[in-house]
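Chemist: Sharing a structure with you now.
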Amino acid sequence: MAPLPAGIRFIISFSRDQWYRAFIFVLTFLLYASFHLSRKPISIVKGELHRYCAALNEGDVEFSSQSQRASDTPHQQPPDNETDCSWAPFDQDNYQQLLGALDYSFLCAYAIGMYLSGIIGERLPIRYYLTFGMLASGAFTALFGLGYFYNIHSFSFYVVTQIINGLVQTTGWPSVVTCLGNWFGKGRRGLIMGVWNSHTSVGNILGSLIAGYWVSTCWGLSFVVPGAIVAAMGIVCFLFLIEHPKDIACSSSLVAHSRGHENGAHRFRLQKQVFADDENKPLDPEIQCLLLSDGKHPVHQSHVVVLPADGGGGMAAISFTGALRIPGVIEFSLCLLFAKLVSYTFLFWLPLYITSVDHLDARQAGELSTLFDVGGIFGGILAGVISDRLEKRASTCGLMLLLAAPTLYMFSTISRMGLEATIAMLLLSGALVSGPYALITTAVSADLGTHKSLKGNSHALATVTAIIDGTGSVGAALGPLLAGLLSPSGWNNVFYMLMVADACALLEHGLRAAHRPTALPWGPGHPSA
């Protein structure tokens, strides 16, 4: 008998369940990356919506950046209005406030909608819910770009488009996290989620490159093309997403094990099946302290949430107030609020800042800003690896937040020294800012949404995830708005604001550690359940 080809041996070395898990991992990665891809164009196009051109010989036009110089003196508009080639209504003196309002309208709608999205998503099939959200998001992202082709200069048009787009994009995060939580257990969750959460940075990078390609020639395509990509991925979601392992007859209670299978594969250590009745697997000590009454003994049975079963024999979805009562949800939500404030300020205002400091055009600034997301990829993975190794997710977040504050101060000073300094600080800041943000929104959310107080109720995961990310999105809405209000008085003030927010996140983390929650305050049959 002839030996099997190496490729076939590789394929059969993995089980059917493992191949399906790998497929869901990649699919959900691409689905949410496309969401972030569609959010990035607005930050790239800002430099094009407001710029100045000076007339030269024979009607030739030389374009130059309109942004304020690297100094902290307020920007002064040239008095000659004939040199103004901005896109109305962003041709006014208060253009930074108008651009900040666009960010705020999207992010505020996203924050409000996120609280409702998790509750709705638990009661609808994930595949249908996510498909609708992606198709709608693609349509409204493209609609913003159509304002260029139809010469629309109404500020309300762009604001309303941003608001609706922010609402429909809330369908994404609770859906993909719940789906991934259904397929993967707790073992090495920090590493798995850290790698998976790099979709945020990958989407931002792709969005910057795609939007930057057309920003100087036809900025409408900077929105239309990403919108088409999101809509196309929505069709892929409808055709291929498998919500739960049981839908395809895969084992639904597979979790990580400390040893690999005899085939020697250690990629995710998912080779050995350990079922839900295995009580020997130790929990993350810092998450375990949220689940124990006195830090030593398991929570008493009277403190376990018992939910009424639905008609299908499963468990009913948890209520919003019931999810809030889960120890650790409120604390981590507030910590994420400040962490996300910092992250999204960079997301929406970094290209404009680079244009100001390094005197680059909109396309070059957009391409350079992707280095922040490259650093974010490594930061998210590093945070996951450290939290798995130390088995302390909260301490990992605290350490990175502690290092991020002085790094932000260094960014505001060192980045003025030249392009090379800007590149180095972008990578370092991206890693330290995105690490805690990635860990809280993925591994910590999944830990809190699946802990034993819920007694195996997987329906709680979407609500817990939505609460944590929704609260974080409040900070994401405030950050760009404050940046738009503070930047006219100098970029240093923006960085001071970011440092204060980072310190607040660290303080909230310290308060959570100092006040370890005790047992859940309700028993079986309580209305909150």
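Along the chain as shown, residues are numbered 1 onward.
Using N, Cα and C of the backbone, Cβ positions are placed for all residues, glycine too.
TrEMBL annotations: computationally assigned, not manually curated.
These figures come from a predicted structure and were not determined experimentally.
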Chemist: Would you please say which range out of 196-215, 456-475, 476-495 has the annotation transmembrane segment in TrEMBL?
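Modeler: Going through 196-215, 456-475, 476-495 one by one, TrEMBL flags 196-215 as transmembrane segment.
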Chemist: With a Cβ cut-off under 8 Å, give me the same-chain residues at least six positions beyond the ends of the transmembrane segment (19-37) that come close to it.
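Modeler: Hits for the transmembrane segment (19-37): 130, 134, 137, 169, 172-173, 176, 179-180, 183-184, 192, 196, 199-200, 202-204, 206-207, 210, 226, 229-230, 233, 236-237, 240-242, 245, 248, 250, 254, 270.
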Chemist: So, do the transmembrane segment (196-215) and the transmembrane segment (399-417) meet, by the test of 3 or more Cβ pairs under 8 Å (sequence gap 6 or more)?
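Modeler: No, since the transmembrane segment (196-215) and the transmembrane segment (399-417) share fewer than 3 Cβ pairs closer than 8 Å, they do not count as touching.
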Chemist: Same chain, outside the transmembrane segment (370-387) by at least 6, Cβ under 8 Å from its Cβ: which residues?
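Modeler: For the transmembrane segment (370-387), the list is 190-195, 197-198, 200-202, 204-205, 208-209, 284, 346, 350, 393, 396-397, 400, 423, 426-436, 438-439, 443.
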